[in-house]
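One structure is given below, encoded as structure tokens.
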């Protein structure tokens, strides 16, 4: 035990009438929603990097957070893990996520870093044996160290490609050993700063082959989880190759991986790409590649990824409605890829940020479920496309332009516009949220 969270009680559900800030007002893990426990719908995860590894810096200022586990030794990494599991217990968090660099100290060589990773994975595994918290996903940090400044899989130096491949192998082994439900790849440096020194075709082919090797290794080791890619348009790279859902799907199709890899969709990244969160979720679901979500928000006045905790339940309800329409999560879940503000120094701030985020998502899920169960929106959607259910319309899709023209002339087809009823549906939505 550590004393970092001393005096903070375990967070329990007390209902909407509670004024206790250390209580859930909406998140009731055992509440049944559409035939499934709320906890099993949401599958909340705590992000190791933002909660325990982030020092509070920004582009204009250095570290503001002082944590007793900050440092590059295995003993401090073990302390960090102990604090993490104490927080999981306080929150009742069912899952966590990590990068290798979040949990182990950096070694002087790849071999030393791997030994450090294996040692801390053993420690985390021992903590998991005494905990109900499980691993939602693991991943490799292939963007922070200077060796990755020109990319990992897409790097012009084949030695960096080799280092990156070996690192991913080690992280996949760690994820499997800890019983992870997914493995994530995010290409923060897989992109370019200028086209003047970039070979787009070569870099795409390197990235495609890298991912094929990841999928091959999944089967070699018997990893039963899902491989996920997380799209983001830019930051830190000027232009990233995993720009958005549509771009990643095209990449997967190009390399024959559309049935092997799904997506981890983040709200903040969707906003950076000029989309809404629900757009990216709906598109991923329609393409059969929705796997998991990273839950956060951006400051709409800023032009960068601020990774704040969600606090707008009507906005989140739109997202969870799309998750429900897609059938809900299987191996995926809701990872809080969010960090407290750099002025939020106290341990209580870290706990309350997660309490607020979990309550916001729970409230959003309940609103989305009410509308989904009511069926009014889906009936309106079906009615809008009802014409396509007729035999003539279905047959048209397998005919030719000449045949369609002949039918238009013969039947004197002269279609008239129909209202999309947007305002009516927006009013309907507002009644439920």
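Glycine is treated like the rest: Cβ placed from N, Cα and C.
DSSP classifies residue 99 (active site) as strand under the three-state reduction. Look at Swiss-Prot and you will find 99 (among others) tagged as active site, backed by sequence analysis.
What Swiss-Prot records for 102 (among others) is active site. Residue density at residue 102 (active site): 22 other Cβ atoms are found within 10 A of its Cβ, drawing on all protein chains shown.
Residues annotated as Mg(2+) 1 binding site in Swiss-Prot: 230, 266, 294, 337. Residues within less than 8 Å, Cβ to Cβ, of residue 230 (Mg(2+) 1 binding site) and separated from it by at least 6 positions along the same chain comprise 184, 185, 186, 242, 263, 264, 265, 266, 269, 294.
Residue 269 (Mg(2+) 2 binding site): 29 other CB atoms within 10 A of its CB, across all protein chains. The Mg(2+) 2 binding site annotation in Swiss-Prot covers 266, 269, 305, 307.
For residue 305 (Mg(2+) 2 binding site), the same-chain residues that are 6 or more apart in sequence and have a Cβ closer than 8 Å to its Cβ are 232, 235, 268, 269, 272, 298. Annotation: 337 are the recorded positions among 99, 102, 337 whose CA atoms are within 10 angstroms of the CA of residue 307 (Mg(2+) 2 binding site).
Other residues of the chain with a Cβ within 8 Å of the Cβ centroid of 230, 266, 294, 337, the Mg(2+) 1 site, are 186, 232, 264, 265, 267, 268, 269, 293, 295, 296, 335.
Geometry remark: residue 102 (active site) versus residue 337 (Mg(2+) 1 binding site), CA distance 13 Å. Cα of residue 99 (active site) to Cα of residue 337 (Mg(2+) 1 binding site): a distance of 12 Å. Within 10 Å of the C-beta atom of residue 99 (active site) sit 21 other C-beta atoms, taking all shown protein chains into account. In the three-state DSSP reading, residue 307 (Mg(2+) 2 binding site) counts as coil.
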